[in-house]
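Data block below; observations after.
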Amino acid sequence: MALLPYSKCSFLFSVIFLFLTLSSMSEAELDAHYYDKTCPQAEKIISDAVHRASTFDPKVPARILRMFFHDCFIRGCDASILLDSTPKNLAEKDGPPNLSVHAFYVIDEAKAKLEKACPHTVSCADIIAIAARDVVALSGGPYWNVLKGRKDGRVSKASETVNLPAPTLNVNQLIQSFAKRGLGVKDMVTLSGGHTLGFSHCSSFQARIQNFSLLHDIDPSLNTEFALDLKKKCPKPNTNFSAGQFLDSTASVFDNDYYRQLLVGKGLFSSDQSLVGDQRTRWIVEAFAKDQSLFFKEFEASMLKLGYVGVSENGEVRLNCKVVN
């Protein structure tokens, strides 16, 4: 093999060095002890705010967990979901998938207290990540050390929420969606287990229980008894806009019931139920349905991985999570 002349080698080395330097500048290094010296009480302040809100409103845990997923899936974990719309820009929080998140006030309350205790120190993106861990633990799930040091983004567009995984996706589409964020098949099945918390309105699954296809009125992958119960709760036309169904039978408890329900045809969303019909994902569902501790261990690992998506040094620490500095 011919050797490159010295000048070309030197140039190539310079390019590689510059690339590595820029990469290290743009990708933030997260650390579980990031605020130990600058704001040691940060996690307690956030935890107290989450606990107070969850005691007052039992829907808060599911909403904050969903907030974290939705934030990280758009522009990375940069708190872009918290920015308010302006006369010239419709922000993520006003995109259709986020209209039911509602729990933004919990993060705002924690941020206000943090600004008094440690001004201009804790990012809104880190608050969401810590709050997501807290609601899982508060609901009976695992507790992990959140890696911190994220910066807040300055861009938020409602139009980009179309990139969130829809409840109608099949396994191929889910795998592709998660792969774009650097998440594998196991991460996808594991993070789908976040649906062990929460409630869905009829509109997200109505197509499965009414006029599903030319051959079937009801999606044949649905448990028949379960489907008939859903039809009673969600008649068509439906004048009760708050009607819907809990995502599993223990919807306020973080456990592995979600996976057990999938195995008996009681997955509420077609995206969830599709995990049982594909050999690439069914074995993971079965493993988690049998072993809750395994699910907890994998959920912790996948949440840490999700928390690294799109993390960048090229941001700011907002003084108010609703607006850029």
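Yeah, the Cβs are placed from backbone N, Cα and C, and that goes for glycine too.
The record in TrEMBL pairs CYS39 in a disulfide bond with CYS118, which is drawn from CYS77, CYS118, CYS124, CYS202. Partner cysteine of CYS202, as given in TrEMBL, is CYS234 (from among CYS124, CYS234, disulfide bond). Same-chain neighbours of the Ca(2+) 2 site beyond THR196, THR250, ASP255, judged by a C-beta within 8 angstroms of the site's C-beta center, are, in sequence order, GLY140, LEU197, ASP248, SER249, ALA251, VAL253, PHE254, ASN256, ASP257, TYR258. Counting only same-chain residues six or more apart in sequence, the Cβ atoms lying under 8 angstroms from the Cβ of CYS118 (disulfide bond) belong to TYR35, THR38, CYS39, GLN41, ALA42.
A Cα-Cα distance of 9 Å separates GLU92 (Ca(2+) 1 binding site) from HIS70 (active site, proton acceptor). Cα-Cα distances to CYS124 (disulfide bond) place ASP78, SER80 within 10 Å, out of the recorded positions ASP78, SER80, THR196, CYS202. Between the C-alpha atoms of CYS234 (disulfide bond) and ASP78 (Ca(2+) 1 binding site), the distance comes to 36 Å.
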